[in-house]
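Student: There's a structure below that I have some questions on.
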Amino acid sequence: MTVSDENENTENNEKIKSACTEFDRNKTKPLHETKRNIFSLKLFEVLPSKSELKQYSGVILCGVTLWGASWFIFQDAVLPGAAIFNMAGIVTVAYIFGHTLERYTTISAMAGMTLVGVLYRNFGQSDLLESPIADAIDYHLRRVYPVIILTKGPLGWNWPYIKNNSVKVFLLATLPWIVECLSTAFFTHVLLEYPWYWGLHLGAILSSVSPAVVVPTVMAFSAKGFGNKNKIALLVANAGGLDTAFTEGMFGVINSAIFYPSPPTYRIIKACLAIFFGIGLGVAWGILSDILPDQKDPYAATVRSILIFTGGFLLSYAAGFLGWGGTSGVAVMVCAATAATRWSKRDWPINNNPVATVYNVLWLIFEPMLFTLSGYYLEVSQITLKEFGLIVACIVLALLLRLITAFLVALANRLTVKESLFIAVTWIPKAIVEAVLVRVATDSLWKEGVSVQDKKIATQQANIIVIAILFMTTLGSGLTTILGPILLSQESKIRDSEFHRTSSISPTQPYDITRRKNTTTSVHFIDSL
């Protein structure tokens, strides 16, 4: 071999080595880039999107401007350190904390907001409700919440599904409720020595299911093909909504029968007629909200939204004043359902009409107020360790009987064992109705002749309700998210038109349970009072 050949071989070897090195470099480069891309994607998933930041900023700005305007009405009461300023401050903090907690965990934003209220009550430097103005604001807001919540849900009910599955939906909405209500009355009588009427009163509140907590997650599962064979998402949403309607009617009757001073005969007659009277009023007002204004009127959505709200607001005060509890809530729900059904025949989709969008926005604003100020009613200093144990025992034992009932009802209606278990899990959360009614016991006490025991029970009832919200909402939302893929079989995806979409401000935006949107606004089918 000549020297020139050796040099050529050496040169070729160098080229080969260089090519191999370049190949290795090109081979490893995508791996590093892939890792960086994966990290970037994960980081992007947990950070708020630009759209969400704008939404949050808009809501907060609404609060700031409202606070600024309120100075001209309340003046010193809204300055830093005053009651209204502190109230607005903790609501803002709760809004941010609740939705941040929901984004990074499986815990509902409602539980986070309630927790902020609890912490401020027990560690804050002032008592908000000692201020007559702050107390009056909270009291009257609790007349507004039910109107928004009870209107919001029925605007999206799937009436064809309810009609075709009426037995299954009705039984699931009522039997677990009845069992838990009676069980709560029994356990509070035995363990906490409540009179029977107080136990029924508390049971009627705690027996309400809160589909708003779990429906967004269940809908996300449905969109991915889980539980579509037996339409679990539709069942949870609509049965939960009817459970709320049942709660509203029954609690109103029980509350007015106990606390409204009137002859026994009148109470019995009123109890029998309250729900039917509410249905009649609701149908009439719903038809009116369809007729006025004309469907093609450019302001139809705005006028109809206001018409339904003002009618419900009037009924809320009038029914409370006259002692016809349950009438207003039933009327509001029936009105919204009637109107939505009639609108659907005039090119407004039953699960996505313009009025529903208005109420989604309203709920986004009022939700943090409701849960933060409701959490404020838990006074830890008033509860001994023994009493806390007995309270938890009452809640858990009654809930277990409820879940067993829900499981058996689902099983009897030809759902699989796993699907029935999942239905039972979705019946755990307690949130909207409980939050709205947290102070109703103390507000309903007779003005004169109230015993020390009644005052103690009324205060203790508020503590029980807040404890139930914190524990059951957290447990229910977590178990639903974790157990959904395990208990539900995965079928092909179904069309959006086959199920009720969650009520969100951006209904066309997909929901991803790995990046929880602000979809607790789906309060929806709702839950509420």
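Quick reminder: no glycine exception, Cβ is built from N, Cα and C everywhere.
The shown structure was predicted, so the numbers you read here are calculated from the model rather than taken from an experiment.
In case it's useful when we look at the structure, here is the feature table from TrEMBL:
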DOMAIN    91-481  domain 'Cation/H+ exchanger transmembrane'
TRANSMEM  56-74  transmembrane segment
TRANSMEM  80-97  transmembrane segment
TRANSMEM  169-192  transmembrane segment
TRANSMEM  198-221  transmembrane segment
TRANSMEM  266-287  transmembrane segment
TRANSMEM  324-343  transmembrane segment
TRANSMEM  355-378  transmembrane segment
TRANSMEM  390-409  transmembrane segment
TRANSMEM  462-488  transmembrane segment
Student: Would you call the transmembrane segment (355-378) and the transmembrane segment (198-221) in contact, using three or more Cβ pairs under 8 Å, pairs 6 or more apart in sequence?
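Tutor: No, since the transmembrane segment (355-378) and the transmembrane segment (198-221) share fewer than 3 Cβ pairs closer than 8 Å, they do not count as touching.
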Student: Of the listed stretches (80-97, 266-287, 324-343, 390-409), which one yields the highest count of Cβ-Cβ distances below 8 Å with the transmembrane segment (198-221)?
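Tutor: Out of the listed stretches, 390-409 contacts the transmembrane segment (198-221) most.
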Student: Suppose I define contact as three or more CB-CB distances under 8 A, residues 6 or more apart in sequence; do the transmembrane segment (390-409) and the transmembrane segment (266-287) meet it?
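Tutor: Not in contact, no.
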